[in-house]
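Heads up: the structure comes next, in structure tokens.
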């Protein structure tokens, strides 16, 4: 979660940097490679803008991107679930090496890496979907600020290339970010202070960025995080995971009771 927050902070800083670096209009005659990519994104959104509604184009564009990432997200979710399940084992290994000297740290890391390999866990997989989305977000921001037909497009109550005057989109983006993080946290067998704090900090960070960036970017975050909530409920429903975990624990308890009952009967004979 901390790595994810750091990546989002980097994305925000990159957006600010791009704002300063690229300010000239992008057209079909632009020769710079990055400008051509930006214009290509703009053309895709334009193609998806049914009825000339740029907002519809951004919504459909976001859904297409998220749908394309589904296989990767599915792998990430399964890896995260396995990571959550082995947390008790990781804590045992950490308790085994309380010393902070280099040799103890090396041995501890070796055991943890071995545990990861045995359970097919990649601790960096959770950040991969976000890393893939970062260039998309940067290109979208540039398209909204440098391509005229997107910059001056309107949808519902807001202008695509300007800030949302009502703050509705930034608030919705923050709400869906919270729901997404909360659902992922809810299924964890154990919760730590860092995960809990990031669940509340990240929505605030998204809210601040949503207020300061173009409404089109905030709309992208709203749809992207709403899709994430839907995806979590579909692929990693925390309520089903908790129910399955409790059922597994109950089965183990029933086995223990059955063994104890069998032992009592054997003693009576």
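Residue numbers in this text run from 1 along the chain shown.
Cβ atoms here come from the backbone N, Cα and C positions, even for glycine.
Features as listed in Swiss-Prot:
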type	residues	note
SIGNAL	1-20	signal peptide
LIPID	21	N-palmitoyl cysteine
LIPID	21	S-diacylglycerol cysteine
TRANSMEM	45-65	transmembrane segment
TRANSMEM	124-144	transmembrane segment
TRANSMEM	165-185	transmembrane segment
TRANSMEM	203-223	transmembrane segment
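Long-range contacts of the transmembrane segment (45-65) within its own chain (CB-CB distance under 8 A, at least 6 residues past either end) are made by residues 133, 136, 140, 143, 149-150, 153-156, 160, 216, 219-220, 223-224, 227. Within the chain carrying the transmembrane segment (165-185), a Cβ under 8 angstroms from the stretch's Cβ atoms is held by residues 1, 80, 157-158, 191, 195-196, 198-200, 202-204, 206-207, 209-211, 215, 218-219, 221-222, 225-226, 228-229, 232-233, 236, 238, all 6 or more beyond its ends. If one looks beyond the transmembrane segment (203-223) by at least 6 residues along the same chain, the residues whose Cβ comes under 8 Å of a Cβ in the stretch are 5, 8-9, 12, 15, 54-55, 58-59, 61-63, 66, 137, 140-141, 144-145, 150, 153, 155, 158-164, 167, 169-178, 181.
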